[in-house]
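Working notes for the structure below.
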Amino acid sequence: MVFSRFFRVTGVNLSRRVYSRISSSSSPSLESIPWIHKASNFTLYGSFHASSVETQVSANDASQDAERICKILTKFTDSKVETLLNEASVKLSPALIEEVLKKLSNAGVLALSVFKWAENQKGFKHTTSNYNALIESLGKIKQFKLIWSLVDDMKAKKLLSKETFALISRRYARARKVKEAIGAFHKMEEFGFKMESSDFNRMLDTLSKSRNVGDAQKVFDKMKKKRFEPDIKSYTILLEGWGQELNLLRVDEVNREMKDEGFEPDVVAYGIIINAHCKAKKYEEAIRFFNEMEQRNCKPSPHIFCSLINGLGSEKKLNDALEFFERSKSSGFPLEAPTYNALVGAYCWSQRMEDAYKTVDEMRLKGVGPNARTYDIILHHLIRMQRSKEAYEVYQTMSCEPTVSTYEIMVRMFCNKERLDMAIKIWDEMKGKGVLPGMHMFSSLITALCHENKLDEACEYFNEMLDVGIRPPGHMFSRLKQTLLDEGRKDKVTDLVVKMDRLRKTQLVG
């Protein structure tokens with residue numbers, strides 16, 4: 001059986017802290033759950049979850065030290081951040097701080113603390129990349145006043161770049177502040193930069209990718225041939241934006257205008273058009289554009305094959321998906337992980353898990369994976385098919401490091417199964433590796449804790465969420481407040497509301 005070849009036997013040890021946390025809860029202990037106990041006897045070509053792996057040395061010292069710092073910072077609720085960092089005993093460098101700030105991109109308050117700590121170390125100077133990483137993190141919690149203060153600081157230190165303004169614009173756009181997003185690009189001229197066609201395209205791209213393609217189209221129509229001459233990239237950005245909205249009528253209009261202006265679709269434009277039709281489930285049209293591209297001697301890219309395999313596979317048109325996979329093999333491009341992942345997904349949609357596992361074996365033989373995305377696809381489909389036992393086995397035996405997305409899938413699965421002890425076990429594994437949870441993972445766990453009436457624990461995680469600077473979604477906060485009120489804990493609700501208002505209104509100080 002292919003599934004049995006997918007694994008080899010090993011033992012999996014629980015840390016004493018995690019085990020005591022699970023066994024002390026009202027739920028049964030880990031060993032009392034038959035399918036989980038069985039699952040712990042498998043591993044996939046070397047597990048990254050066993051405690052012995054923690055002694056492995058990373059090839060990149062900065063990356064290794066950054067991971068260690070993030071692990072230390074998960075304890076920040078018990079100590080001051082500065083104290084923890086002073087005790088970290090790492091070799092400080094701009095590259096290290098940049099790596100840490102990127103890992104803290106979902107924790108703006110922590111990121112700012114690390115930035116300020118490094119700045120106060122003797123002889124240390126931040127780079128443009130460090131500032132940009134902090135701006136990205138602060139933008140996620142809408143600390144725009146502080147961000148512009150950092151821009152002034154960068155200007156004084158001659159560290160400003162056009163990338164800085166693009167980052168700020170993107171954060172405004174994702175906060176649905178379209179006027180400010182456009183203004184951020186124009187503001188670069190106030191700081192001595194000349195706005196060029198590439199910046200115009202970047203503005204369009206920022207708006208389009210934040211689901212504001214209508215505004216991007218207005219900017220395009222207003223500015224074309226007045227300040228900027230659009231090029232084929234300008235049109236492909238709009239094609240992609242309208243494609244994301246599944247507005248094929250506008251995709252067709254932009255395509256026609258592009259041709260009228262003398263720009264024939266290139267492989268990028270065709271890829272976007274084909275992907276848009278696949279997402280809209282217009283597969284005959286997608287294939288028609290594919291054939292048109294080949295007739296024009298425009299060679300399909302691996303991305304185009306991925307779009308078709310993904311789309312056809314999701315509609316359980318497995319034979320058609322397999323045909324395009326075979327065509328991709330003979331296209332002249334080496335097969336890469338995304339193409340294999342598309343095939344894995346196609347098999348999963350048709351519930352042919354044996355073939356999905358065979359594909360993973362082939363990826364390994366070819367040296368192109370599997371990667372975390374491969375496992376995320378398999379886990380998603382196993383959970384969709386109510387095969388939780390198998391999903392946990394696959395998770396335990398991953399041959400690469402899980403990403404925050406992988407952890408989120410597993411935490412959500414156990415929350416939905418009302419196995420909070422296991423959800424918290426996965427959570428602790430993740431934080432033990434220096435990976436910080438995002439908003440959706442906090443929301444899943446807190447909502448599940450409310451459902452189980454574990455309100456003290458729910459409040460504990462809610463406070464942790466606020467402490468790192470993550471704003472909770474409204475529906476989750478409402479659920480927590482109502483559950484507390486139902487239990488007569490009005491004082492606790494008042495405390496949380498005050499803390500939420502403080503996070504919402506308080507501007508961090510740089």
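Each residue, glycine too, has its Cβ placed from N, Cα and C.
The transit peptide annotation in Swiss-Prot covers 1-14, and the record cites sequence analysis as its basis.
Taken from Swiss-Prot, the feature repeat 'PPR 1' applies to 127-157. As a whole-number mean, the pLDDT of the repeat 'PPR 1' (127-157) in this prediction is 95.
Remark: secondary structure over the repeat 'PPR 2' (161-195) totals 26 helix, 0 strand, 9 coil, with classes taken from DSSP. Residues or ranges marked as repeat 'PPR 2' in Swiss-Prot: 161-195.
Same-chain neighbours of the repeat 'PPR 3' (196-230): 162, 166, 169-170, 173-174, 176, 178, 181-182, 185, 188, 237-238, 240-242, 244-245, 250, 261, counting only residues six or more beyond its ends whose CB sits under 8 Å from a CB of the stretch. Sequence annotations record features per position, and here Swiss-Prot assigns repeat 'PPR 3' to 196-230.
Here the repeat 'PPR 4' (231-265) has long-range neighbours at 197, 200-201, 204-205, 207-209, 211, 213, 216-217, 220, 224, 272-273, 275-277, 279-280, 282, 285, 293, 296, 298, meaning same-chain residues at least 6 beyond its ends whose C-beta is under 8 angstroms from one of its own. For 231-265, the entry in Swiss-Prot reads repeat 'PPR 4'.
What Swiss-Prot records for 266-300 is repeat 'PPR 5'. Packing against the repeat 'PPR 5' (266-300) from elsewhere in the chain are residues 232, 235-236, 239-240, 242-244, 246, 248, 251, 255, 258, 307-308, 310-312, 315, 317, 320, 331-332: each is 6 or more residues past its ends and has a CB under 8 Å from a CB in it.
According to DSSP, the secondary structure content of the repeat 'PPR 6' (301-335) in residues is 25 helix, 0 strand, 10 coil. According to Swiss-Prot, the feature repeat 'PPR 6' maps to 301-335.
Beyond the ends of the repeat 'PPR 7' (336-370), by six or more residues, the same chain brings 1-3, 5-6, 45, 302-303, 305-306, 309-310, 312-316, 318, 321-322, 325, 328, 377-378, 380-382, 385, 390, 399-400 to within a C-beta distance below 8 angstroms of the stretch. The feature repeat 'PPR 7' is assigned by Swiss-Prot to 336-370.
Residues annotated as repeat 'PPR 8' in Swiss-Prot: 371-401.
Annotation source Swiss-Prot lists repeat 'PPR 9' at 403-437.
Swiss-Prot lists 438-472 with the feature repeat 'PPR 10'. Non-local neighbours of the repeat 'PPR 10' (438-472) in the same chain are 76-77, 106-110, 141-142, 404, 407-408, 411-412, 415-416, 418, 420, 423-424, 427, 479-480, 483-484, 487, 489, 492, 496, 499-500, 503-504; each lies 6+ residues outside the stretch with a CB under 8 Å from one of its CB atoms.
Within the chain carrying the repeat 'PPR 6' (301-335), a Cβ under 8 angstroms from the stretch's Cβ atoms is held by residues 267, 270-271, 274-275, 278-279, 281, 283, 286-287, 290, 293, 341-343, 345-347, 349-350, 352, 366, 368, all 6 or more beyond its ends. Under DSSP, residues within the repeat 'PPR 10' (438-472) fall into helix, strand and coil as 26 helix, 0 strand, 9 coil.
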